[in-house]
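Chemist: Below is the structure I would like to discuss, written out as structure tokens.
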């Protein structure tokens, strides 16, 4: 009887060891968490760069004061996350006031309409898995956002924009809904508002030497210094953090 009990314990231990090994192989321990701290629902969207897989079907609803966690990709991955706001579903048509990805709840790899606050990521797998991350206002602003790493090593700051720029957005950059007289729902980039080569860093202005900050990008920079605010902004704003357990994207932090 004792021998049978000992054998059962050995088999149980071996089974647990195999299960743990399988779990480690398929779920390496890196977690992405999207948090909605806003007093209203949002619809986060995720767009991979070319060659990277779509995560969580590219988009989902996230009620106020809730979060959604999912395993990070097991291969090298790069892409962006943003929030869609003011979404509605009526007459079989889904649409959002900001960040809309072609009228779909699940973006499935599609990009979003500007203006929108963006978090950008690159995940490199190796001896020490390395996340590069930053928050960009190059395409404008629609909602406060931060990126927060947990238990990482190296340079792992919290970055992003905690300020609500909708309250202070310059008149010429404001997006209102309904148009013209409704509340401000987003703040355009100068490129989107005026479309000049200089403000868009196009053609002869498309280099670090000719693409310069403008008074409009300086407005974003003063409010949110730890963000990219124009196309050739400082590359040191893209931080690298190794071996963190979790990376949180927090809206209305």
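Backbone N, Cα and C atoms are what each Cβ position is placed from, and that goes for glycine too.
Residues or ranges marked as signal peptide by TrEMBL: 1-25. The feature disulfide bond is assigned by TrEMBL to 38-252, 87-96, 101-107, 156-241, 161-224, 169-187, 191-200, 201-211.
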Chemist: Rounded to the nearest angstrom, how far is the Cα of residue 241 (disulfide bond) from the Cα of residue 200 (disulfide bond)?
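Modeler: That separation, Cα to Cα, works out to 30 Å.
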Chemist: In sequence order, which residues at least six apart in the same chain have a CB under 8 Å from the CB of residue 156 (disulfide bond)?
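Modeler: Listed in sequence order, they are 149, 239, 241, 244.
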Chemist: Relative to the Cα of residue 252 (disulfide bond), which of the disulfide-bonded residues 96, 169, 211 have a Cα no more than 10 Å away?
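Modeler: Checking Cα-Cα distances against residue 252 (disulfide bond), none of the disulfide-bonded residues falls within 10 Å.
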Chemist: In Å, rounded, how far does the Cα of residue 211 (disulfide bond) sit from the Cα of residue 191 (disulfide bond)?
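Modeler: Their Cα atoms are separated by 12 Å.
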Chemist: Which entry in the list of disulfide-bonded residues, 96, 252, has its Cβ near the fewest other Cβ atoms, using 10 Å as the limit?
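Modeler: So among 96, 252, the disulfide-bonded residues given, the one with the fewest Cβ atoms within 10 Å is 252.
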Chemist: Where among the disulfide-bonded residues 101, 211 do you find the Cβ with the fewest other Cβ atoms within 10 Å?
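Modeler: Output over disulfide-bonded residues 101, 211: least Cβ neighbours within 10 Å is 211.
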Chemist: Sort the disulfide-bonded residues 38, 107, 201 by C-alpha distance from residue 161 (disulfide bond) and give me just the closest.
Modeler: 38
Chemist: I'm trying to understand the geometry here, so how far is the Cα atom of residue 107 (disulfide bond) from the Cα atom of residue 96 (disulfide bond), in Å to the nearest whole number?
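Modeler: Their Cα atoms are separated by 12 Å.
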Chemist: To see if you understand the setup: which same-chain residues, six or more apart in sequence, place their Cβ under 8 Å from that of residue 191 (disulfide bond)?
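Modeler: Within the chain, residue 191 (disulfide bond) has Cβ neighbours under 8 Å at 138, 199, 200, 201.
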Chemist: Including all protein chains shown, what's the count of other C-beta atoms within 10 A of the C-beta of residue 169 (disulfide bond)?
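Modeler: Excluding its own Cβ, the number within 10 Å is 22.
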Chemist: Show which residues of the chain containing residue 38 (disulfide bond), separated from it by at least 6 in sequence, have their CB under 8 Å from its CB.
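Modeler: Within the chain, residue 38 (disulfide bond) has Cβ neighbours under 8 Å at 64, 143, 251, 252.
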